[in-house]
Amino acid sequence: MGEPPPNPDPSQTRRASQGSERARSQEYSQPLLTIPEDGLNRPPPQRGSRSSQGSQDLQGTGLPHWPQRSSLVPDVQGDEGTEYHQSMPLGYTPGFPMEFSQQGYLDDSRMMEQFPQGQDLLEQLESTYQGSASGILGQLNLYPREDEIFSQDTQHGPYLRDDPSLHLRPSDLGFMPIVGEVPDPEPRELAIQNAKAYLLRTSMSCNLSLYEHLVNLLTKILNQRPEDPLSILESLNRTMQWEWFHPKLDTLRDDPEMQPTYEMAEKQKALFIRGGGEGEQEMEEEVTDSPVPNIMETAFYFEQAGVGLSSDESFRIFLALKQLVEQQPIHMCRFWGKILGLSRSYLVAEVEFREGEEEGEEEEVEEMMEGGEVLETHGEEEGEEDEEKVVDSVPKPQWKPPPIIPKEESRSGTNKYLYFVCNEPGRPWTRLPHVTPAQIVCARKIKKFFTGFLDTPVISYPPFPGNEANYLRAQIARISAATHISPLGFYQFGEEEGDEEEEGGAGRDSFEENPDFEGIPVLELVDSMANWVHHTQHILPQGRCTWVNPLQKTEEEEELGEEEEKADEAMEEVEQEVGPPLLTPLSEDAEIMHLSPWTTRLSCSLSPQYSVAIVRSNLWPGAYAYATGKKFENIYIGWGHKYSPENFNPMLPALIQQEYPSGPEITEMSDPTVEEEQALKAAQEQALAAAEEEEEDEEEEEDEDLED
């Protein structure tokens, strides 16, 4: 810091101070502060002395305590400011912010000049401030004063001695001259700008500034809200630095703009929106006549058995089914269950359209099938023309594909109901196509996990005729036929049908609810499986619920030639397939390796009178049913695979067929031996000699005839 400058002569200092006081007295109308004479002879304090020494001197004189401020530095420049600038020991440099300059301290003699005699300092300052504020200066002051910023209610400190905000300026004492110019911005604003500019300077080793680092650190603390941020401040600091110097590496897939969770939440918002413009009466009618099932009640009963989905998901499924009913002309709707997948799962809804609503869609499907048949016949004609051009025709194989089994009509058999699926509540519902017998037969021979995407091809052997949507529909038909059960007596056959059986031999295919059903006690439902029946038709090995003769000819097939008729007659007749009729008790189901196909239990064995009867399928794991009183329901939550006591063995490929039929034309003969060749040659010579002799004899006979 160096040695302090030599103290000026006390007499000169006293004369300069008296001259400045006389000049100020002529310009200001405010009374001057009297200076005690005993304070004039005090030597000035050395530079760098603590403020506590000055306070002790003031306490010794009995005067009021002066605030511990850094210095008395003027704020204005002009004629009066020249006197202050000449006193350079104060450490104030013109044109430079006061906060960044070295501030000096007034000596004791100068400080004692500011004290009044016989009057309290605070009272004198208050009267001086009120007088100056009422003048023109109060109108020209565009910036708030320090005493206005820091009110008496605000708690200050502790502050450092050299804090620029604590400097006692002459303006606070009422010595500010009246000037017409707009004052400069306060030093505090300049200090803030300079400090921020300093913090924004980037580091020498990276492009990161201290300001950005502190902002990120505070943002992270405010977002995470740790319990003790001070204890983990050091670790957070290291983590933030590591994140800056170790950016995220590039990935093969771009990060999604919106997380799947938020995207799903946005889609599910539409489920909670009520339709506007409807009265209370209309809403009541919709509640009573709506085909939407009571999913929450079903979930409550299955929850007692430890089965089902969460209450939140069940409610969202309820809203999704309500949305489906509003979009489609549905007469009956039911939540079938949930089939799990590797990537996404399927929520399945079993519905039945109102009469006449499905005819248009069936006609479109038939038109597409007819167009495909036309293309196939056109291709066959082109193939026949090519065969005529080729000289060596390729022999046709003797194998013939099995006859195509027609699928069952809508509202009957395996296609009695329609099924809609979606991956999550809020996503659009997709209608599954009708199932064909070939798809059901092939689905029994393969076992594939679902991926969650309906257009995924099913790669298997034997080849599955369709994609994942068709495979899903086939599995739904198989599970429904085997696991949909109800208490005995809940359904009954209609009186109009009678006891006549159809041609297929499957018996009755429809039933109705029994209005006189009063329910079966829970203990009886658990004790005997004869109190439960199947209310879904059994699927025959053919892939249909009603048997169809594949050899039965249609009108087009009767026009074929006699060759095809002979080939058909050579084939053996197919035996008719017969399955169990509707409403067959579960006690007649076949066992699985000496294992019962069903398991029954109570939801709570401690209170049987309030329990629910639960039935679980051992053949299709994930299929459950409950019954209590007049209520029952079925649900399936699983992977869509049938239980097999042994490991799954895929079907082996068929035997390789012969490319050409064996015959003498293509049979290779063995080479003859030498003896055989000689014998053959001798035989040929004898045959030639005999032929020549015969010719000669014939010629002689002809000559004789001519002579005669």
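Positions of Cβ are set from backbone N, Cα and C atoms, glycine also.
Per Swiss-Prot, the feature compositional bias 'Polar residues' maps to 10-32.
Feature annotation from Swiss-Prot assigns compositional bias 'Low complexity' to 47-56 (among others).
Positions annotated as compositional bias 'Acidic residues' by Swiss-Prot: 495-504 (among others).
The compositional bias 'Low complexity' feature in Swiss-Prot is assigned to 680-690 (among others).
Counting residues of the compositional bias 'Acidic residues' (691-708) by DSSP class, helix then strand then coil, yields 17 helix, 0 strand, 1 coil. Residues or ranges marked as compositional bias 'Acidic residues' in Swiss-Prot: 691-708 (among others).
Residues annotated as region 'Disordered' in Swiss-Prot: 1-94 (among others).
For 376-407 (among others), the entry in Swiss-Prot reads region 'Disordered'.
Positions annotated as region 'Disordered' by Swiss-Prot: 495-514 (among others).
Per Swiss-Prot, region 'Disordered' is recorded for 663-708 (among others).
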Helix, strand and coil counts within the compositional bias 'Low complexity' (680-690) (DSSP): 11 helix, 0 strand, 0 coil
Outside the compositional bias 'Low complexity' (680-690), six or more residues from its ends: residues with CB under 8 Å to it: 672
